[in-house]
Amino acid sequence: MKETSVKRAHASRRAILKAGAAAGLVGAAGLASAGSASADGATYPAVQSYDVIVIGGGFAGVTAARELRKKGKRTLILEARNRVGGRAWSSTFSGLPIEFGATWIHPSQTLIWNEVQRLGIARVDDPNPDYAVFATESGGYARQDLAFLEHQDALLRRFVEGAEQYMPRPYDPFHRADLLADVDKLTLGDRARQLRLTTLERNWVSATTGAYGGGFERGSLTQLARWWALCGYNTETFHGINVTRPVGGMSGIITKLLAESGATIVYNAPVTKVADNGSRVQVTAGGAVYDAGSVVVAVPVNVWNSINFTAGLPAEFGRLSTETVGVPTAKKILIQVQGDIGRPLVNGKSGAPLDLVLANTDKSSQGTVLVAFSVNPNLDANNQSQIQRAITEVLPGTKVLSVKGHDWGQDPYAKGAWTFMRPGQLLRSLRAVRQPHGRLVFAGSDIATGWAGYVDGAIESGAQAAAVAANLSGAAALA
Ligand SMILES: Cc1cc2nc3c(=O)[nH]c(=O)nc-3n(C[C@H](O)[C@H](O)[C@H](O)COP(=O)(O)OP(=O)(O)OC[C@H]3O[C@@H](n4cnc5c(N)ncnc54)[C@H](O)[C@@H]3O)c2cc1C
């Protein structure tokens with residue numbers, strides 16, 4: 001990791017301008033970003049002081065900045081990319097608006113739902129699928145009518161049976177820590193074995209269990225149980241949370257929140273070093289050094305290990321980051337196919353190239369656009385012939401015209417997709433990494449106690465971190 005000389009003295013105006021250029025555009029929040037990162041090799045010593053620095057401009061970081069403004073704090077956001085939103089990223093494909101990450105919201109996710117209502121953003125429901133596709137006894141796939149989904153739901157209910165007892169309070173996953181000790185050890189695969197599921201049954205329920213966890217042998221049963229509890233322990237809400245989308249996309253929401261924050265934001269500014277000297281914190285990004293009384297670290301858990309925290313962090317931080325919390329093999333793929341193939345809901349087998357395929361809300365002029373999710377480590381999300389083979393297996397006769405995917409595990413500023421903890425992480429690590437460490441407070445959907453793995457959890461965590469960081473910054477020595 002590159003070491004940059006840190007000078008506490010006030011930087012000259014020339015140095016600040018150089019630093020700004022090295023790190024990308026410094027802007028008032030809400031302005032469009034531009035410029036390119038040229039951090040490598042840029043070693044301009046400059047110090048710019050703020051009350052609080054927020055590292056990462058996803059929903060957690062931007063919410064933190066917005067809350068800090070309410071407390072009168074002068075806040076800087078340092079964002080590695082040329083956009084805000086992180087794992088929420090609205091884009092276009094085949095001339096249609098699409099999402100590479102977060103897509104759906106639900107009234108039970110009260111924080112994001114309330115923000116959207118307050119901002120006057122309309123919502124639209126995806127149409128229902130026309131038919132389902134499931135694995136068959138003979139090893140292939142067959143079309144089924146939607147009533148077949150009841151088989152999948154019955155298996156899902158068996159998976160999470162008992163969650164009302166061991167996870168009785170959805171926003172307090174530790175409430176029955178005594179009962180969790182045995183459950184939190186289990187992978188989803190362990191649970192399937194406890195239930196003595198046949199291979200066919202595993203294949204029917206994989207898309208709503210194993211695949212969520214990045215594979216049956218990666219994800220923990222308790223993470224699934226947390227989502228089940230948040231959904232009121234019923235399949236209607238469990239599926240209902242993947243139906244309603246905000247008009248204008250997720251990027252539209254966060255752009256508005258950023259504007260409200262009034263924070264200064266530097267794009268193309270990947271943070272490489274955080275030095276907490278006990279009375280102030282210096283943060284190095286793109287060759288520039290910024291100083292604050294406290295710092296909110298709102299980057300994904302999987303990214304923590306790529307930042308040099310010079311004062312050291314308790315071992316749980318490094319361990320969690322190495323083990324991964326965000327699913328490291330997850331990809332989302334947009335697929336343009338020829339003609340009108342209706343609205344399928346494909347449930348891939350365990351280990352299949354594609355775990356879930358569904359129709360995009362809108363059709364394109366060329367035919368149907370499909371949205372696919374994959375946690376298969378061998379799938380190249382932008383390889384059209386691999387995707388064609390995978391689509392032919394589940395929807396025979398369907399011609400793929402083009403694909404555009406994003407591999408979240410290969411993304412250096414995410415290193416994984418949605419949150420799905422592994423066995424043991426809930427009980428062993430979550431409480432530890434939610435504690436402030438010195439002048440640093442960690443935030444993000446990955447470490448939310450409520451909707452971890454969803455935008456709502458990012459907002460929850462960002463707001464909580466802001467409250468702590470505001471107090472810490474108030475107690476800081478003046479720069
Ligand atoms: C494919 C997919 C589908 C999903 N679907 C849904 C859904 O339908 N509904 C839903 O609610 N949620 C969904 N999620 C989850 C949701 O996207 C996340 O929970 C949420 O966006 C996480 O927000 P965050 O702020 O915690 O982290 P992030 O969004 O990851 O934000 C972290 C920010 O930190 C930045 N960063 C990283 N490293 C550095 C560094 N060194 N220096 C500076 N900045 C850095 C990143 O660029 C990023 O902007 C989905 C996620 C994925 C990947």
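Heads up, the Cβ atoms here are built off N, Cα and C, so glycines get one too.
Caution: TrEMBL annotation is automatic and unverified by curators.
For reference, TrEMBL has these:
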{"type": "SIGNAL", "residues": "1-39", "note": "signal peptide"}
{"type": "DOMAIN", "residues": "59-468", "note": "domain 'Amine oxidase'"}
{"type": "BINDING", "residues": "Glu79, Ala80, Val271", "note": "FAD binding site"}
{"type": "BINDING", "residues": "Phe373", "note": "substrate binding site"}
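Shown on the structure are the features that TrEMBL records.
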residue	record	DSSP class
Glu79	FAD binding site	coil
Val271	FAD binding site	strand
Phe373	substrate binding site	strand
Report task. Would you find the one among the binding-site residues Glu79, Ala80, Phe373 whose Cβ has the most company, meaning other Cβ atoms within 10 Å? Result -> Glu79
Report task. Give the sequence-ordered list of residues that share a chain with Val271 (FAD binding site), lie 6 or more positions from it, and have CB atoms under 8 Å from its CB. Result -> Ile55, Leu78, Ala80, Val283, Thr284, Ala285, Val299, Ile307
Requested in this report: Note the mean pLDDT of the domain 'Amine oxidase' (59-468), expressed as a whole number.
Outcome: 97
Query - Whole-number Å value for how far Glu79 (FAD binding site) lies from Phe373 (substrate binding site) (Cα to Cα) - result: 26
**Report entry** Cβ within 8 Å of the mean position of the Cβ atoms of Glu79, Ala80, Val271: remaining residues of the chain near FAD
**Finding:** Ile55, Gly56, Gly57, Leu78, Arg81, Val266, Ala269, Pro270, Ala285, Val299, Tyr413
